[in-house]
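Below you'll find the structure, written out as structure tokens, and then a few comments.
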Amino acid sequence: MELFGLAPATWLPVVFAGLMGLAILMYVVLDGYDLGVGLLLGGARDEGERDAMIASIGPFWDANETWLVLATGLLLVAFPLAHGEILTALYLPVALMLVGLVARGVAFKFRTKMAPGSKLSWDRAFLGGSLLAALAQGWMLGSYILGFRGGWDAHLFAAVTALGLAAAYGFIGACWLLLKAEGELQRRAAVWARGALLFAGLGLVAVSVATPLVSERVFDKWFSLPNVVLLAPIPVVTGLLLAGLWVALARYPRPGDRWAWVPFAGAVAVFGLAFQGLAFSFYPYVVPGSLTIWDAAAAPESLGVILVGSVFVLPMILAYTAFSYWVFRGKLGELRYE
Amino acid sequence: MLEDPVLLARMQFAANITFHILFPTITIALAWMLLFMKWRFSRTGDGAWMELYRFWTKVFALTFSLGVVSGIVMSFQFGTNWPGFMNTVGNIAGPLLAYEIMTAFFLEAVFIGVMLFGHGRIPNWAHTAATALVAVGTTMSAFWIMVLSSWMHTPAGFEMRDGVAHATDWWAIVFNPSMPVRLSHMLLASGLTAAFLVAGLSAWRWLRGDRAPAVRLGLRTGIIAGALLIPVQIVVGDVHGLNTLEHQPAKVAAIEANWETQAAVPLVLFALPDEEARENRFEIGIPYGASLILKHDPQGVVPGLNDFRGEHPPVAPVFWSFRVMVGVGMLMLAVSWLAAWQLWRRGEPSPLVTRALVAMTFSGWVATVAGWYVTEIGRQPWLVYGVLTTREAASDVPAAMIATTFVGYMVVYTLLLGAYVGTLYYLAGKGRRADVTAEGPGAVPEAGEAAAEAALGRPAQA
């Protein structure tokens, strides 16, 4: 089937790159706040606070994590060649991330169901799992940006992105708590959000500066005319947003809990812009500098079969996801099913 | 042995998939049992059904989480361990996996949140609907993954172009020759696993003196479900065997440890198959048995392993796994029917049968895993039967790295399995402990009513 005079083998990979991008962005935003809340457990004062923090993500995290399965799944089914190459190159960080996600996921359930004495240990596993997963994902991002290059400078860069992404998750997690928590916990969530914002912002600047310096292709893409003018809004808006959030967060929570959703919305916007910048830097490569989306794509007839289904199913997924956020709107302090 | 990366990759993947299957096997059927409990409660208003529902919801939530996290590990290992799989048959496997994610994973993941935490936030009927959607989601997931699995055993509806499979007929791919029977066999296995888990854990509480109405209902539900499903499973298992004989004769030859193609083949009950000498040691068999089962004729000709020299699976693991699976199935038949008969005659199973039920709490796991070993090891040396060998699909990740992560996964899985089983018994024991500390004999029914009230739900808060 031709679209705007383009053959399916030309436009289908672009559509699937878009879908995969959407799935990755959904994952980093949604499971990002889950993992962030997990990291912030380290700052909780007592068991009651930890219960409240974990309750705030309880009804959502299963579905949030599913976006990772969709993202990997789309990479696997739409770009099978890239899937093999990327996952083989990232074998170790992937394994570490999986151990982290497993620890976090099971701690969720075990902490309330096992004998009370072991609850603290499971909370530590929750925090440790979240930290390991966040750092491993950040490391993978750094390693991906450099095209899986080795060497100490590449590892240093990956370490910076690992810390940066963990801070970004902490930031969005704190914004989530600002929205969902009450009282003292909410007050401290504002402080955490500011602290994490600082580190996340530094990480973002470091990655944005380093990426064009280490990759000539990325440099040319951003700093040639007219791109440099057309793209300027991305870093400028991101910078203004971060500065605005930094100033505003000092005044949170507001009297009567007004505007509680604003920092979270701001965090989502920052994630979206940063993702936009990365996506622009790498398009049309799915493995930086080696495989384009057309090189790596599966056969058009198979992509077509998936696309037909996703046209119907994805809107349904978004609809019932929205339904679940509507059911669990408001403060969730009392949420439990024991 | 540990220098062979392919063998290591297989061991690692087998460990993961074995660990993973334990949990979906429970949740696929337990979701429907939860729906049944919820429906019984809505119809009868009997708080004991609600109490049963709430207890098994906790078990379900825990089991579901373990299934999700181990499933995520697997979704990555397709790429890390078997890059050749997707490179060769990705055009077929890809859409099937994509449909599983889109139609099943999100459905169950979103609605399990509503099901677990929705009490009091949504009306009772909506909560029942959420439970139903979780059940539909787990079954859809089973459907798509069984389509892919059976396609790997009996591939159809494709053509090879430049060494890559291309789909030609999606109907033929989805309804490939072994799909209906394989899916039925798996769903029934899940039903039996959940039935014996429910019966076994209830029996354990029963023996400890926990005679709450909900425990009695759980015991009855588990026993009756097991007694109803096992004969169906035996028939479906037989049909599955005939299907395999038609499409994968080498696997059946390994199951029977039959070396020569011949008539009047005995059913080997015990033997130590020796692949070097190509014969069985210490063989004990029933004359004409295999010919009767496979051809329904005592003189029927059964294929032998020597017809597939170099291309048949390792004999001993397939032979033994099959006997474990069938043996457990026979035990299930005996115990569930005896228990059902006693239930019918005396209203409760005898202490001896109750103990047998406790011993068989996890029998579904043993049978399911053994059955998977029969079918998956039985497909070797192929990954996709007749299309792609396992060796061709392996990655070039160094053996040392696979070995390290393998050990890591094993440690984590062993700990988790221990924690999981321990938690089930902790949860099951909690009712009894609450009972002991309660003030009077009336305490338990009251607790049931309170739970029922909470579940009936207030309308959604503004």
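Using the three backbone atoms N, Cα and C, a Cβ is placed for every residue, glycine included.
Note: TrEMBL annotation is automatic and uncurated.
Taken verbatim from TrEMBL:
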- A:12-30: transmembrane segment (TRANSMEM)
- A:89-106: transmembrane segment (TRANSMEM)
- A:126-148: transmembrane segment (TRANSMEM)
- A:154-179: transmembrane segment (TRANSMEM)
- A:191-210: transmembrane segment (TRANSMEM)
- A:230-249: transmembrane segment (TRANSMEM)
- A:261-283: transmembrane segment (TRANSMEM)
- A:303-328: transmembrane segment (TRANSMEM)
Distal contacts, the transmembrane segment (A:261-283) - CB-CB under 8 A, six or more residues away: 17, 21, 24-25, 28-29, 32-33, 145, 168, 171-172, 175-176, 178-179, 193, 204, 208, 211, 215, 218, 221-222, 231, 234-235, 237-238, 241-242, 244-245, 248-249, 252
Region pair the transmembrane segment (A:12-30) / the transmembrane segment (A:303-328), three or more CB pairs under 8 Å: yes
Long-range Cβ neighbours of the transmembrane segment (A:126-148) (under 8 Å; 6 or more residues past either end): 28, 34-39, 41-42, 54, 86, 89-90, 93-94, 96-97, 99-105, 107-108, 111, 154, 157-166, 169, 207, 211, 214-215, 278, 281, 287-290
Distant-in-sequence neighbours of the transmembrane segment (A:191-210), which means Cβ under 8 A and at least six residues beyond its ends: 36, 40, 43, 142, 145, 157, 160-161, 163-165, 167-168, 170-171, 173-175, 177-178, 235, 238, 242, 245-246, 249-250, 252, 263, 270, 274, 277
